[in-house]
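Listed in Swiss-Prot for this protein:
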type     : residues : note
REPEAT   : 47-83    : repeat 'TNFR-Cys 1'
DISULFID : 59-73    : disulfide bond
DISULFID : 63-82    : disulfide bond
DISULFID : 85-101   : disulfide bond
DISULFID : 104-119  : disulfide bond
DISULFID : 107-127  : disulfide bond
DISULFID : 129-143  : disulfide bond
DISULFID : 146-157  : disulfide bond
DISULFID : 149-165  : disulfide bond
MOD_RES  : 211      : phosphothreonine
MOD_RES  : 221      : phosphoserine
DOMAIN   : 226-310  : domain 'Death'
MOD_RES  : 318      : phosphothreonine
C-alpha cells in the first residue's frame, strides 16, 4: 500500500508533462494558421486597392478594360453594371472590379516631354522626349536638353543618349597649326622688307635716285652731326631718343640727370640726350651708327628722312664749293 502512494506523484507528473506538450503543439499550429490567414487577407486587401477583386457584394465577372463599375452588385454572383471611362482623360488597361478609372498621364513640356501616343480608354498616354532632348533612364519622368557642341560633333543626340562633342584641342588641327607657325616668320620678314623699301623710295630725293660719279661721291662716315642735332631731335619722339641713346652707351644715370635738368622742356631733353651720345661716340661713323640704329628699331622712314636731310645739305655745300673753285680757276 505504501508503494502505491510512492508511485502516484510520479504518474501525475508524467500526465502533466504530456498535457503541456499537447497544448503547446495546438497553440503553435493555431499561430501558424493565423499567420497564413493574415497573409492571405493582406494580399486580398492589396489587390482590392488595384480594383482586381470584389468590392461589396461579389460580382460574377470584372468590368472589361476601358470600363468601370457603375454600382455595386446587389446580389452575389450578379453581373456588374459597367460604363466606359472618359475618352482622353481616363483609362483601364485590364479587367477589374473598381468603380473608378485611372487618370491619363500628362506629358509635361516643361520637363522636355511630348505625346507619342494619345491616351485611350484602354491605354495610358505614352510620352517621349521632345526634339533636342534625351533621357537615358528606364522610366523617364523628365528629359534633359542635348549638349550643344562648340568644336564639332562626334555623335548626334538621340532620344536615349546625349551628344558626344569634339574636344577643343583636337589633334586633327595640329598639322595645320604647325604649318601656320612655320609660314608666319618668312611672311612677316617679307612684309617688313617691302615696307622699308617703299618708304625709302617715297622719301628719296631726285639727287638720291642718280648714281654719284667718283668725283661727286660723298662719304657720310665723317660727317659732323653737331649742326644737325637739333633737326634730328625735332624729327624724333622723346621715347625714340631715349631708346636710341640707351642702346648706344648713354647710362641711365645720365638720362635721368638730363631729364631732371629739363623737366618742363622735352625738346631740350632730346637735344641734350643726342649731344651727350655724340660726345661719347665721337665724329667718326656717328652718322652711320645713327642711321643703322634707327633702322634696327624699325624706324626706317625716320632714318631715311634724316639721311636725306644730311645728304641734301652736304651735296649743296659740295656744289657751292665746286662752284667757288671753278670761279677762282677762271680768275
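Cβ coordinates come from backbone N, Cα and C, glycine included.
With respect to their backbone Cα atoms, residue 82 (disulfide bond) and residue 73 (disulfide bond) stand 11 Å from each other. For the disulfide-bonded residues given as 101, 127, 149, the lowest number of other CB atoms within 10 Å of the residue's CB is seen at 149. When the alpha carbons of residue 107 (disulfide bond) and residue 146 (disulfide bond) are compared, the span between them is 19 angstrom. Within 10 Å of the Cβ of residue 104 (disulfide bond) there are 20 other Cβ atoms, across all protein chains. In this structure, the CA atom of residue 63 (disulfide bond) is 12 Å away from the CA atom of residue 73 (disulfide bond). Residue 59 (disulfide bond) and residue 104 (disulfide bond) have their C-alpha atoms 26 Å apart, to the nearest angstrom.
Around residue 85 (disulfide bond), a 10 Å sphere centred on its CB holds 24 further CB atoms from the protein chains shown.
Across all of the repeat 'TNFR-Cys 1' (47-83), the predicted model scores a mean pLDDT of 75. Fewest other C-beta atoms within 10 Å: among the disulfide-bonded residues 107, 143, that description fits 107. Under the three-state DSSP scheme, residue 101 (disulfide bond) falls in the coil class. Residue 119 (disulfide bond) and residue 101 (disulfide bond) are 13 Å apart (CA-CA, integer value). Around residue 59 (disulfide bond), taking its Cβ as the centre, 22 other Cβ atoms fall within 10 Å, counting all chains. Among the disulfide-bonded residues listed (104, 146, 149, 157), 104 has its Cα nearest to the Cα of residue 127 (disulfide bond). Among the disulfide-bonded residues 129, 149, 165, the residue whose Cα lies closest in space to that of residue 85 (disulfide bond) is 129.
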